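Since the structure comes first, as structure tokens, the remarks are kept for the end.
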């Protein structure tokens, strides 16, 4: 898949990158002459660290898959993550030194926009450091809108409202659950194995907390309706199901509004309509300790 960042994949191996790439935008004429030279400088600066990070990550994954004995997997994974973060630092340093380069903007989109180990404040500040001309390009304007969406999804912010139709034809609105339920929004896809592995855990949370006021809602980012419905038939999840396609969600893509560049991704919205939890920004583990602790505190 295009625009997939190695930094993002290997830091969070339990998640899959699901963002649909922006259609290929031509390099604006004002930047065409310098873009190739800037790209060569960028690659020369970043590639040595990026290559070492990729090798370390691949070795750690191979060791884990093969169950190698006498191999310190924890140490290998820590080394891989450190190198990936070093590669991210290199990319960011290039962008700071070249705030008027279209190469900086393109690689900001690819590697920085969704780098969850980088605080959102830092991501926003880096974007604002780009030249006014760069931010005014078609890609620059798209990135600005995506940052607006991210800002609206901070924990403590009101959850963006949404209206959708479920697979069985029921029309629902997120705000209709205010003052009645906590809502666990689950963004997933039928092709996402980590999403499928999470379903039993969601089922367990539903069985424990539904009577205490938890409403689970699944939002699929599938583009294949048949594959989505086949997955629903297989998993038999007894809570509302919708798909981020115009037939179900209308013209506004929920994947954009809820920043579903990663799946699975989970948000907990309280009875006041406030975001209380974001699985990616919380860096929650596969056991969902952060989410479980929050539910136990709020609903027990």
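Backbone N, Cα and C atoms are what each Cβ position is placed from, and that goes for glycine too.
Here's what TrEMBL has on this protein:
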type: SIGNAL; residues: 1-18; note: signal peptide
type: DOMAIN; residues: 153-300; note: domain 'Thioredoxin'
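Broken down by DSSP into helix, strand and coil, the domain 'Thioredoxin' (153-300) contains 54 helix, 36 strand, 58 coil. In the predicted model, residues of the domain 'Thioredoxin' (153-300) average a pLDDT of 95.
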